[in-house]
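Here the structure comes first, spelled out in structure tokens, and everything after it is commentary.
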Amino acid sequence: MTEPLISDRPPAAGCGCGAPVKFDGASPAYRRILLSVIAINAAAFLAVAGGAVIQGSAALGANALDFLADSATYAISLWAIGKSVRVRSGAALLKGASLALLAVFILGFAVWRALSGAPPEGAVITSLGMLGFLANGVAALLLVRHRDGDANVRSVWLCTRNDLIESLVVAAAGGLVWLTASRWPDLIAGGVLALVFLQSAWSIIRQSQQELRDAA
Ligand SMILES: [Zn+2]
């Protein structure tokens, strides 16, 4: 399901946030906006990860992983402005590897939660899903004026927009947990999101290896 490498979209699957983003030439105003978006993603990560741990929710765990990965991606992008291709590709490789590790961890967590412990509270999952929707909504409002920039600027916009949908999926999974009094909607949503991240990680790793080879 890997998308072809076309000029105006990142090659990563899923939320579309996986591709390393390079901001050479970005304006100070855009850098400020990006810093705010990093802060929003980091705060949402803390809230959603807290809920995931307390409730033992796979969907929230996967959602938290996305917020963490996005703040890391944007932070690396800001840091990497003006650095060599080799440094940027190396950072992307490291990020792809850690994303893969975390996705495997979420999958293992979902399997473990299928077998043990009390089912999570659907209302908590839905509330935190809506909180994530709000966080991504604010980020989207900040970014909307810059949505038609170059390929890299555009990928941040697309990724934030896709994460709005992901938050709704998490909120809906919570609703289904509540309706069916079953843990399975949470485990399925978490497992599917983790698989999507695994695929993103795979394409990041492949792309950065290619860039490192080209740079050598
Ligand atoms: Zn994302």
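Note: Cβ is positioned from N, Cα and C throughout, glycine not excepted.
Marked as domain 'Cation efflux protein transmembrane' by TrEMBL: 36-212.
Feature annotation from TrEMBL assigns transmembrane segment to 33-54 (among others).
If you look up TrEMBL, you'll see 60-81 (among others) marked as transmembrane segment.
The transmembrane segment annotation in TrEMBL covers 93-112 (among others).
Residues 33, 36-37, 40-41, 43-44, 47-48, 51, 54-55, 57, 59-60, 63, 67, 156-157, 160-161, 163-164, 166-175, 177-178, 186 of the same chain lie 6 or more positions beyond the ends of the transmembrane segment (124-144) yet place their CB under 8 Å from a CB of it. Summarising the annotation, TrEMBL assigns transmembrane segment to 124-144 (among others).
The annotation transmembrane segment is assigned in TrEMBL to 164-181 (among others). For the transmembrane segment (164-181), the list of distant contacts is 15, 59-60, 62-63, 66, 119-130, 132-133, 135-137, 140, 188-190, 193: same-chain residues at least six beyond its ends, Cβ to Cβ under 8 Å.
Residues or ranges marked as transmembrane segment by TrEMBL: 187-205 (among others).
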